[in-house]
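As structure tokens, the structure follows; a few thoughts come after it.
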Amino acid sequence: MVKPAQVLVVAGTHGNERNAPWLLEHWRRQPEALQRHGLDVALVLGNPAAHKVNQRYVERDLNRCFAPELLADSSRNEADLQRARQLLACHGPDAEAPSLVVLDLHSTTSAMGNSLVLYGRRPADLALAAGLQGELGLPIYLHEADASQTGFLVERWPCGLVIEVGPVPQGVIQAQICRQSQLGVEAALAVLAAAQRGRLRLPAELVVHCHLGSLDLPRHPDGSPAACLHPELQHRDWRPLRSGDPVFIDPCGKEIGLALPPDLVGESVCPVFVNEAAYGEKGIALSLTRRECWPVGPDWLLALTDIASQLAQRGAPL
Ligand SMILES: [Zn+2]
């Protein structure tokens, strides 16, 4: 017999993102806060060791540890990679108590507001995102085809996405950020419950911001920053930029314009994760996206319904 599966909610994949873990404690004390849709929800603190020391990670970004070849490499034993293996062993799709859907809760220091992050174009993920966009109007950042950033947590579950909330400084808890996280999780559970009952209706279109690439700060030969983000770009996530628009400024006040590849000159692109505090070490000052409008695919709803039908029921849904 196929085992009924849970929905996994991960808080604190990054140890210095404090809002979702704080909510997690609340949900553990009052589980009914997440039970109104009748789904069996598993709650887990993503990276307890990093959370304990209020750092993003211990040795390696946990949200870059889930590449299959890395997980399988027995010569690699960084603490965060071991935690990734442990999360899969305890809550993965093949675990004793399996989860088939994962909601990975993050916060950003960038002025992106609340958004969803998808990795690739799996139909079930797109359906879940479309349901959430229809419900909450959230923008979607589709991260794909980026060889320098791989191994994201949600990719190892059959369906999953990141709920990204901000802006909030690292290490800081803010009521509004917690509220937005709570709303995002509740809405996702409502979409999954509707899919389980065969009652999910998706909007006709999905608006996605597709990853084009990332820009690093201009740097001196020794690697130190030669310029910083242009003040006109600070806090302007999602707002279209064109080739030549100022993106950096050096200490003498010299502006450095956006240089787009020839195939994008004349187009507008939308910046995301602008000056994100966590991405300095990754050499990312901002990422660029192209806004696209996709008709919702006929296979999306089927894919999500198939997964949702395998989720356990916890009493009758309201
Ligand atoms: Zn994060």
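A Cβ is built for glycine as well, from the same backbone N, Cα and C atoms used for every other residue.
Sequence annotations record features per position, and here TrEMBL assigns domain 'Succinylglutamate desuccinylase/Aspartoacylase catalytic' to 6-191.
Residues annotated as Zn(2+) binding site in TrEMBL: H14, E17, H106. Secondary structure at E17 (Zn(2+) binding site), taken from DSSP and collapsed to helix, strand or coil, is coil.
Residues or ranges marked as substrate binding site by TrEMBL: R56, N63, R64, E164, Y279. On its own chain, R64 (substrate binding site) has Q149, T150, G151, F152 as residues at least 6 apart in sequence with a Cβ closer than 8 Å to its own Cβ.
Per TrEMBL, active site, proton donor/acceptor is recorded for E164. The DSSP secondary structure for E164 (substrate binding site) is strand. Same-chain residues at least 6 positions away in sequence with a Cβ under 8 Å from that of E164 (substrate binding site) are, in sequence order, H106, S107, T108, M112, N114, S115, L116, V117, Y141.
For 205-291, the entry in TrEMBL reads domain 'AstE/AspA barrel-sandwich hybrid'.
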Here the Cα-Cα span from H14 (Zn(2+) binding site) to Y279 (substrate binding site), rounded to a whole number of angstrom, reaches 13
Quick check for the class: what is the C-alpha distance, in angstrom and rounded, between N63 (substrate binding site) and E17 (Zn(2+) binding site)?
13
Using only the residues recorded as binding substrate (R56, N63, R64, E164, Y279), report the maximum Cα-Cα distance in Å, whole number please.
16
Taking the Cα atoms as reference points, how far is E17 (Zn(2+) binding site) from R56 (substrate binding site) in Å?
7
Which binding-site residues from the set H14, E17, R56, R64, H106, E164 come near ligand 1, judged by a Cβ under 6 Å from any of its atoms?
H14, E17, H106
DSSP-derived structure type at R56 (substrate binding site), helix or strand or else coil
coil
Composition by DSSP (helix, strand, coil) of residues within the domain 'AstE/AspA barrel-sandwich hybrid' (205-291)
9 helix, 35 strand, 43 coil
